[in-house]
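Q: Below is a structure I'd like to ask you about.
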Amino acid sequence: MGTKGKVIKCKAAIAWEAGKPLCIEEVEVAPPKAHEVRIQIIATSLCHTDATVIDSKFEGLAFPVIVGHEAAGIVESIGPGVTNVKPGDKVIPLYAPLCRKCKFCLSPLTNLCGKISNLKSPASDQQLMEDKTSRFTCKGKPVYHFFGTSTFSQYTVVSDINLAKIDDDANLERVCLLGCGFSTGYGAAINNAKVTPGSTCAVFGLGGVGLSAVMGCKAAGASRIIGIDINSEKFVKAKALGATDCLNPRDLHKPIQEVIIELTKGGVDFALDCAGGSETMKAALDCTTAGWGSCTFIGVAAGSKGLTIFPEELIIGRTINGTFFGGWKSVDSIPKLVTDYKNKKFNLDALVTHTLPFDKISEAFDLMNQGKSVRTILIF
């Protein structure tokens with residue numbers, strides 16, 4: 001392409017300060033350096049994490065910043081040493097790297113990478129490239145990256161270990177969802193919770209991640225899937241995707257965990273918390289059965305005070321586990337998930353409620369914050 005080796009000017013949505021609305025600006029995107037790839041983003045989606053970051057509810061984030069981490073695009077150019085992609089390839093940028101060298105990447109027990117193994121402040125990870133500089137500038141000032149992806153920019157630069165090459169015929173307006181929400185929820189049920197055929201499950205939170213977890217539970221063969229959300233308007237879609245029961249805690253006269261225990265005659269086999277608040281986490285654990293109940297934490301809620309538990313809650317046989325990116329070995333697994341989508345093994349289309357031009361990103365955030373959307377796709 002004629003832009004190879006040159007600075008590209010394009011539009012991006014910048015968060016100049018914490019708690020302030022995004023501003024669409026013209027930014028300069030520098031050429032990729034060694035082991036870096038510059039991508040033209042075709043489609044990007046909104047995730048609640050992006051909104052949480054913009055609202056300054058994550059500690060350690062540096063501003064100004066270009067957020068966004070759920071997208072798909074086309075390789076524009078590559079830096080020296082890049083061998084896994086070439087210009088023109090369709091790709092999905094990934095906040096979960098795979099270096100293939102560290103003890104985490106070499107272990108079958110985890111999908112973490114040493115690059116981000118310290119997740120005390122996840123939003124502050126990968127805000128600069130390997131040489132500790134940014135590839136973005138605006139109005140003469142450097143602009144920070146986000147999660148190593150920064151997909152709210154028409155062009156972005158990522159490390160070659162944060163990138164999955166996908167099939168040439170992939171629909172980028174759908175497979176962009178594999179960059180975070182779907183992969184996280186679906187994988188949590190299959191890879192982390194390891195939901196079993198005939199089991200009973202409870203999924204707390206029916207946003208994009210929660211609905212994906214419902215699909216994962218169904219794919220794993222669960223016989224009963226209880227969806228829980230404070231927005232009853234989400235129940236129709238949840239049932240269409242596999243939920244057998246739906247409960248709104250605000251409509252109940254006793255705690256949700258007590259209701260679930262009564263419904264299931266003792267508690268569910270698997271609970272998946274896709275909301276992340278302290279009360280929801282506790283309810284998810286409490287609604288699991290004694291003996292073998294499993295609770296998987298997926299969501300990270302801003303301002304959560306954590307979870308207080310007592311030993312006797314676990315010594316009766318319950319287990320707690322967490323998930324990062326649904327347990328997928330990112331760069332290796334995403335191409336396979338793209339193929340599975342093409343083969344209709346799961347339904348990404350059902351998660352897409354709106355498609356808007358990128359310039360209407362503020363409208364997309366309003367839809368999400370008002371609970372009127374599941375996933376909105378923004379097109380450049």
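Glycine too: its Cβ is placed from the backbone N, Cα and C atoms.
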Q: Which one, His35, His69, is listed by Swiss-Prot in the same Zn(2+) 1 site as Cys47, Cys180?
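A: Looking at His35, His69, the one Swiss-Prot places in the Zn(2+) 1 site next to Cys47, Cys180 is His69.
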Q: With Cys99, Cys102, Cys105 listed by Swiss-Prot as binding Zn(2+) 2, identify the candidate in Cys113, Cys138 belonging to that site.
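A: The one candidate that Swiss-Prot places in that Zn(2+) 2 site: Cys113.
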Q: Out of Ser232, Ser278, report back the residue that Swiss-Prot marks as phosphoserine.
A: Ser278
Q: If you check Swiss-Prot, which of Ser107, Ser121 turns up marked as phosphoserine?
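A: So the answer, going by Swiss-Prot, is Ser121.
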Q: Over all shown protein chains, what is the count of other CB atoms within 10 A of the CB belonging to Val209 (NAD(+) binding site)?
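A: Excluding its own Cβ, Val209 (NAD(+) binding site) sees 30 Cβ atoms within 10 Å.
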Q: Write down the Cα-Cα distance for Cys99 (Zn(2+) 2 binding site) and Phe325 (NAD(+) binding site), rounded and given in Å.
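A: Roughly 16 Å, rounded to the nearest whole number.
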Q: Could you tell me which three-state DSSP class Cys113 (Zn(2+) 2 binding site) falls into?
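A: SS state of Cys113 (Zn(2+) 2 binding site) = coil.
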Q: Based on Cα distances to Val209 (NAD(+) binding site), point out the closest of the recorded positions Cys47, His69, Cys99, Cys113, Ser278.
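A: It is Cys47, whose Cα lies nearest.
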Q: Counting other CB atoms within 10 A of each CB, which of the binding-site residues Cys105, Cys113, Cys180, Leu206, Val300 comes out lowest?
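A: With the binding-site residues Cys105, Cys113, Cys180, Leu206, Val300, fewest surrounding Cβ atoms within 10 Å: Val300.
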